[in-house]
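Asker: Okay, here's the structure, questions in a sec.
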There are 2 protein chains.
Amino acid sequence: MSQPINVAILGATGAVGTELLELLDSRNFPLAGLKLLASPRSAGSILTFKGEKLKVETVEASSFKGVDLVLASAGGSTSKAWANTITQAGAVMIDNSSAFRMNPDVPLVVPEINPEATAHHRGIIANPNCTTILMGLAIYPLHQVQSIKRVVVATYQSASGAGARAMEEVKIQSQAILKGENPQAEVLPYPLAFNLFPHNSPLTDRGYCEEEMKMVNETRKIFNAPTLGITATCVRVPVLRAHSEAVNLEFDAPFPVEKARAILAQAPGIKLVEDWQKNYFPMPIDASGKDEVLVGRIRQDISHHCGLELWLCGDQIRKGAALNAIQIAELLMEKNWLKLTGSPLTV
Amino acid sequence: MSQPINVAILGATGAVGTELLELLDSRNFPLAGLKLLASPRSAGSILTFKGEKLKVETVEASSFKGVDLVLASAGGSTSKAWANTITQAGAVMIDNSSAFRMNPDVPLVVPEINPEATAHHRGIIANPNCTTILMGLAIYPLHQVQSIKRVVVATYQSASGAGARAMEEVKIQSQAILKGENPQAEVLPYPLAFNLFPHNSPLTDRGYCEEEMKMVNETRKIFNAPTLGITATCVRVPVLRAHSEAVNLEFDAPFPVEKARAILAQAPGIKLVEDWQKNYFPMPIDASGKDEVLVGRIRQDISHHCGLELWLCGDQIRKGAALNAIQIAELLMEKNWLKLTGSPLTV
């Protein structure tokens, strides 16, 4: 058992923050102390942890004194604003935002894929984007055996990816539509109830949205495969929680489907869900609240002799965010990588 | 103006049947008479057409006497059961089911793509599957300019594809879930409200479901491109009406994105919907009730120098079924192709 440490959650009241709390409890994370932090707007709330009521404090410079590890899930601007303060205070920050993911001095880690990258951190470790984590878990075990040449992925992303308020909005909109009303969108740009639309993250100059470029760039960084071809179409769908992805893989040589199935049946963090008799495969309602990414419908691509098709669903808040962050924290403790030997990174 | 003809709708009470009625009215189809037919279970209903109440009659051998054209939308087994009776009675059948689509003696027609195939009919003309029609409209204009080598498509299919009862089921399930209940699925195999799942059509021996193989085989037949590579992942989503598709295209040489956009802006049956400033692209709620297939997000594929990405939404009941059938009927009349010169096909 590792020596207990002092942990702070920055952004404790959000969808991911709530899940972090639940996981620290259910995984018996060795805590010496737990501090809940948030912006002034959300501070003051009371959250329960292991039966004890904890008050969410306003984040300020003194908040990180004595803290060993900060789990940050309050968005990119908050992470940027507090990163140097956190690392100067001697704490390590595991950041859920996209702020530092592509910084070459910041490890971007999925513990099942590139745990060794964590060793070289300089006070900040980035947690990848949800869609990237889920796809990475499913395809990296194949990539290890035979390099993937190209990925064509289409996503089916739940409202939870836009936060707890978006989940609530979908419910309220659905209720209104069922009553025959014509609700307006406030949190998301367009109505999502009984509808869907291309992911609403800002578009880049090549027409890909930022969410899609995260899948491209983050996967390359995590796999250490800078030339891996990836194209993505990211779409929001009226599902509350758990993302799905239709993944087409091209290899340089044929990859027998039975070999792929056998590899994925053994792969960490994955559960094969394939009942071909019942036409039963991964579904968001089955992936919700689960640690594992559900993978199924592994098929030989009939349009390409070196292609494979697969289908996955994973809990976007859990393995797509909070669980991956907690697993990084557990890895740091297990390997004794928490304490910095050099000076912390300044960002 | 063509000479008015006697038309029968077989399966008048279903989602497509209702739409056929609406289109015969709104397009001022030249009708001498209109007969509504259905199975004994649905017969007896009263439907309104141009303000007049019409009784739905039970289909029987004598139903087709004096009928020039039958629009069949009562499913494959009904089409198979009545096809020979219909053609022997001297009527032409435009069939919405999959029963005869791959029969080499049956033209499979999208009027914007292969109208000339209609000329050679022998009494039966097949209407393609909804996902096939929608994708075909968007990609054929490009294929004409530069042959498509391979298509990787992922679909987002609405409940309407499983009929009016499935649409109702999604609403009832949504209501129940919003009340905190845990509803069971009856029409569809799994709950679709706030969920999604791979298309529930029967699986073929290579792991593709029948819906996916329709996209593969029907597209090849319509395009007259028997070796065109196509792989599809078909997914049902909790949208009421209108399907969406994420389409990745590979060509033998680069296809400039601006050229593709210019071609699609002129293409029949399509409407370009791309507001890059507002991140506004085709959505099912905007495609519902529309004749055009909405196409947008045309991008150069960053993973393949000869690749293009595009996104489309189309009303699955309208252009995906009823409208396409009516357009075939209009084509038959315009070209004077309704009367057979030889003997009718026996199936």
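FYI, residue positions are counted from 1 along the chain as it appears here.
Placed from the backbone N, Cα and C atoms, the Cβ positions cover glycine too.
Automatic, uncurated: that is what TrEMBL annotation is.
TrEMBL lists these features:
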- A:6-121: domain 'Semialdehyde dehydrogenase NAD-binding' (DOMAIN)
- A:THR13, A:GLY14, A:ALA15, A:VAL16, A:ARG41, A:SER42, A:SER160, A:GLY161, A:PRO183, A:GLN316: NADP(+) binding site (BINDING)
- A:ARG101: phosphate binding site (BINDING)
- A:CYS130: active site, acyl-thioester intermediate (ACT_SITE)
- A:GLN157, A:GLU210, A:ARG236: substrate binding site (BINDING)
- A:HIS243: active site, proton acceptor (ACT_SITE)
Asker: Summarise the domain 'Semialdehyde dehydrogenase NAD-binding' (A:6-121) as counts of helix, strand and coil residues per DSSP.
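Answerer: DSSP classes over the domain 'Semialdehyde dehydrogenase NAD-binding' (A:6-121) add up to 35 helix, 32 strand, 49 coil.
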Asker: Sorted by position, what residues of the same chain at least six away from A:THR13 (NADP(+) binding site) have a C-beta under 8 A from it?
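Answerer: Set apart from A:THR13 (NADP(+) binding site) by at least 6 residues yet with Cβ under 8 Å, we have A:ALA38, A:SER42, A:SER45, A:LEU47, A:VAL56.
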Asker: Listed NADP(+)-binding residues A:THR13, A:GLY14, A:ALA15, A:VAL16, A:ARG41, A:SER42, A:SER160, A:GLY161, A:PRO183, A:GLN316 - what's their greatest C-alpha to C-alpha distance in Å?
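Answerer: Per the listed residues, the maximum Cα distance equals 27 Å.
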Asker: Going by Cα-Cα distance, which of the binding-site residues (A:ALA15, A:ARG41, A:ARG101) sits nearest to the residue listed as 'active site, proton acceptor'?
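Answerer: Nearest in space to the residue listed as 'active site, proton acceptor', counting only the binding-site residues, is A:ALA15.
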Asker: Have a look at the recorded positions A:ALA15, A:ARG101, A:CYS130 and say which one has the shortest Cα distance to A:GLN157 (substrate binding site).
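Answerer: Considering only the listed recorded positions, the nearest one is A:CYS130.
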Asker: Judged by the number of other CB atoms within 10 angstroms, which among A:ALA15, A:CYS130 is the least packed of the recorded positions?
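Answerer: Output over recorded positions A:ALA15, A:CYS130: least Cβ neighbours within 10 Å is A:ALA15.
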Asker: Please give me the CB contact count at 10 A for A:GLU210 (substrate binding site), counting all chains in the structure.
Answerer: 16
Asker: Quick check for the class: what is the C-alpha distance, in angstrom and rounded, between A:ARG101 (phosphate binding site) and A:ARG41 (NADP(+) binding site)?
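Answerer: The Cα atom of A:ARG101 (phosphate binding site) is 26 Å away from the Cα atom of A:ARG41 (NADP(+) binding site).
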Asker: Going by DSSP, is A:CYS130 (active site, acyl-thioester intermediate) part of a helix, a strand, or coil?
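Answerer: Where A:CYS130 (active site, acyl-thioester intermediate) sits, the three-state DSSP reduction gives helix.
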Asker: At the level of the C-alpha atoms, what whole-angstrom distance separates A:GLU210 (substrate binding site) and A:SER160 (NADP(+) binding site)?
Answerer: 17
